[in-house]
Amino acid sequence: MPPHSDHPAPRWSRKDKAYMKEYLESHPDNRMAWYLLGKQYERSGEQGKANYCFNQAGDIYKAFENEPLPQETVEEQIKEQMKERTEREKRRRRKARHLRAGLLAILFLLLLVLLPGEEAAAPDGMRLSVQQDKGHPPAPQEEISGGIFYRLVAAGDDEGYAHVLKRILEKDRKRAGEDVVLRLESDEAWLIWSRTPDPVLLANTPPEGGPIGMLPLAEPNCRCDEERQAARQDAALWAGASEQRLIAKSALTAYVKQGKVAPDQWTGMAKAYPANSVSGTSVAIEQAYAEVLQVYRNGLARGAKRKRAEQALSFMWADETDPFREPIRIVIDKKRHRLGVVSGGILLRNYEIGLGGSRTPKGKFVISEKVVNPNGSSTGVFGSRGMTLSDTLYAIHGTNEPDSIGRDESLGCIRMLPGDVEELFDMVPVGTEVSIESDVLPDELRVPDPEERYRLDLTPNQDNPGKVYHWLD
């Protein structure tokens, strides 16, 4: 949070604040106006909106506050994290050079026992490793050469673990670098995503040939506490960055599939209602979007003219270094009163929701509209966020009846708790597919702690005061 200025801003009325918003719509380059509006948001405790305005104010903010911009503070923290990560990687690689070759022989014998003849297949419905899916064009090899390649396995799946080990041993030596096997929980058809995955194996492939060094981090006798801790920290950074890329890719995909041209910056989709494809911005999501946009544009340059955008999207999603190979979808389970945020076979969130029993229809929809405070305030019957389903009277929204969560008391809509619907609103873009089914999600909730929620700095003016919503609450 930026410090308070020694120059206190005068208290504004609602009329003053509304006037300033209107003024900025026609004078978006007036940095002093952005600064003044930001101070008012700060005084009213709306720090996310204040930071957005301060970033727009640029040098004016720096002059009055004698501090860097909020986004510059975050960028500096990210640089420090990356510096620490580089040092940890150096220490881990030094350790990998001294591993005993006997470990490789033991693992190879294990593979011969578990995988006689043909390559073992993963269990139905389970995405056990980050591998190239059939039907996708291969990603450029230079994107993974010399880097770290993370692979996912389900906890307790020895066959899947052996399958991943076999892939590591057989991989092209041009892809020198490190493989890190991460263990995730699973539940029937779903691999359960975690921002703190558990590293169980490090494998180092030297560029000049020679044996592949392996460090079994999960073994009780492994004297590798320093490497294990460093691997966990690196995996957490990778998981957070992967989640940001997924959200950026999903938003770009939904935007392009609506027949629009991908904007140069993330903020080109984070506009006021009704152009609010996404709800807001952050330094992390802007950086992730810049990365995936470059890959998408590389795909445009390679694709055939007739279906260039479609092929570019396929190229973008084919990145084999990424655990997520499909856009975000919302899955609603009527039997268990759950709403899942998924990508392929990976479950990222699992919220408890309120439904309407037989009044809630099964089928496929898309989010066709997103609105903040659909009833004019966060305490209204629809809560602080609403997302219309395929231009119908059905919607995913908040509620002022929290006791209805887990029950069938609505007229057909999907009710969510405030923190849940606000996180979902930030994660999914307009155009997200919504599937209402039954008996498809696990019972166990998968919801981050409040301080770990996914959040964006909300773009102002995402309400729709000119419309009275009559969703089937």
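Quick reminder: no glycine exception, Cβ is built from N, Cα and C everywhere.
Nobody curates TrEMBL annotations by hand; they come from automatic prediction.
Under the heading coiled coil, TrEMBL lists 71-99.
What TrEMBL records for 98-117 is transmembrane segment.
Residues or ranges marked as domain 'L,D-TPase catalytic' by TrEMBL: 328-437. On the 0 to 100 pLDDT scale, the domain 'L,D-TPase catalytic' (328-437) averages 97 in this prediction.
Counting only same-chain residues at least 6 apart in sequence, those with a Cβ under 8 Å from the Cβ of H397 (active site, proton donor/acceptor) are P374, F382, G383, R385, G386, M387, C413, I414, R415, M416, V421, W471, D473. In the three-state DSSP classification, H397 (active site, proton donor/acceptor) falls within a strand. Annotated active site, proton donor/acceptor per TrEMBL: H397, in sequence order.
Per TrEMBL, the feature active site, nucleophile maps to C413. The DSSP secondary structure for C413 (active site, nucleophile) is coil. For C413 (active site, nucleophile), the number of other Cβ atoms no farther than 10 Å from its own Cβ, over all displayed protein chains, is 26.
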Within the domain 'L,D-TPase catalytic' (328-437), residues counted as helix, strand or coil by DSSP: 16 helix, 46 strand, 48 coil
